[in-house]
Amino acid sequence: MKNNKRREGFSSGLAAFFATLGSAVGLGNIWKFPYVVGENGGAAFLLVYFACIILVGLPVMVSEFYIGRKTRKNIMGAVKELTTKKRWRSIGIIGILAAYFIMFFYTGVAGWVYSYVFKILRGDFNGATAQSVQQQFTNTTAGPVAPIVWQIIVLTVVSVILIGGVKKGIERITKTLMPVLFILIIVCDIRALTLPGVKESFSFLFKPDFSHLTSQGILIAMGLAFFKLSLGMGTMVTYGSYFTEEDNMFGTAAKVAISDTIVSLLVGIAVFSAVFSFNMEASSGPGLLFMTIPLVFSKIPFGKFLLIAFFVLASIAATTATISMFEVLIAYYTEQKGASRKKAVILNAIVIAFIGAFSTLSVGETSLLSGVTIFGKGIFDIFDFLSSNILLPVGGLLMALLVGYIAPKEDIKRELSNNGKLKIANIIDFYYFVLRYISPILLVIVFLSSVGVLEKIIKLITG
Ligand code: PFF
């Protein structure tokens, strides 16, 4: 009965596209992308990021769709159906662990975004200056009570939508709001183009200087690609399990990757135009978005209205992305463990709120747990680093290997071509080749080089 309800799925290809885009477009575009690009030197890093999307991200996304739509199951159930070998279950374990780790910090940042809507309405940003916005951000994260309360509000909103039935909720919300988000970001860019720092912002984003690129930076670019496209933890397996039999999975993957990248770049242009116009630091970290966008909209007609709209839409993007990662857990607990949907949502939300609070209270110099470090990183950073840069790429690597080497090729062809209805044999062959020989090798190289092993090997060989 429960299964039947889940297997209803999205009502059309368009709905599947918007829902998947709703998962991909989130705080990753609006908050993470600008500051990570800023910290890693701009254009050269971006080129590596694009390469990661094309050579690894897209093949992994199609593979996740394949796993999901073929099995119509949650991540653990799907893997069990594809192979009886126990070791592949690590994909399920990695996915579930990653979902928790990301939610611990992601819901905290979503809380800051929600709180900005409230603060802007209250007039806290009237007459904003570079100094005042920095102070506002420090106050927002310092807490200790408010950031936790906002994080709980985010989890409550997400839980209510999930309990009420994801399908209609997600489908309806994403279909109407994704286009609006897009339009708003364009408005934001039109304003940003009138700022004095716009030229510098373009050369920062589009004129590569490879001297800034490190092997750690390449790992970060790979991690960002996985995080951005919601890959490596089974989100796209879960959403793929909702797709209709007619859905063109290649088309959906390509459209999602392109739209997601465009949204990220548009946000990047707005943020960096403000950075260079107001003499801020491109590498100022997780606060970057919160310290720039209020300045972009300051002192222009309807600025306050636009600022509210921007943060409302950022809140929506954060919410739809959080729903998609939470759904990985809910699908797992309801299908594998037999829990009711309501119980799975509530218990998980409580656990995430509790552990997430430690992460949220570790941000900023004045916060309660700011001095606590694990392997030299704060609690927030360790969850972020472990999930984005380790768990997601490892999960993606294993899924690429599972589909590339374990699943029968004939079956992959049949599923991806919708039983031969789509005439895309060449595309499938190309995808299969990249998935088997290019994506896994690149992933392994990136890992080895980020832990310094590759440099040692090269030195050994070259003497
Ligand atoms: N892609 C989302 C973003 O860019 O904000 C974050 C995300 C959602 C990551 C779902 C992973 C995931 F499974």
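Each Cβ is built from the backbone N, Cα and C atoms, and glycine gets one as well.
As recorded in TrEMBL:
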type     : residues : note
TRANSMEM : 42-67    : transmembrane segment
TRANSMEM : 88-114   : transmembrane segment
TRANSMEM : 148-166  : transmembrane segment
TRANSMEM : 178-198  : transmembrane segment
TRANSMEM : 218-244  : transmembrane segment
TRANSMEM : 256-278  : transmembrane segment
TRANSMEM : 305-333  : transmembrane segment
TRANSMEM : 345-363  : transmembrane segment
TRANSMEM : 390-408  : transmembrane segment
TRANSMEM : 429-454  : transmembrane segment
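The listed stretches are 88-114, 148-166, 218-244, 256-278, 390-408; of these, 390-408 has the most Cβ pairs under 8 Å to the transmembrane segment (429-454).
Only sequence-distant pairs (6 or more apart) were considered; of these, fewer than three Cβ pairs between the transmembrane segment (345-363) and the transmembrane segment (42-67) are under 8 A, so the stretches are not in contact. Taking pairs at least six residues apart, the transmembrane segment (305-333) and the transmembrane segment (42-67) share fewer than three Cβ pairs below 8 Å and do not count as touching. Here the transmembrane segment (88-114) touches the transmembrane segment (390-408). Their Cβ atoms form 3 or more pairs under 8 Å, with each pair 6 or more residues apart.
Between the transmembrane segment (218-244) and the transmembrane segment (42-67), the number of CB pairs under 8 angstroms, six or more residues apart, is three or more, so the stretches are in contact.
If you count C-beta pairs under 8 angstroms between the transmembrane segment (178-198) and each of 42-67, 148-166, 256-278, 390-408, the highest count goes to 256-278. Non-local neighbours of the transmembrane segment (256-278) in the same chain are 17, 20-21, 24-25, 28-30, 33-34, 37-38, 50, 53, 57-58, 61, 130, 181-182, 185-186, 188-189, 191-193, 195-198, 200-202, 204-205, 228-229, 288-289, 292-293, 295-296; each lies 6+ residues outside the stretch with a CB under 8 Å from one of its CB atoms.
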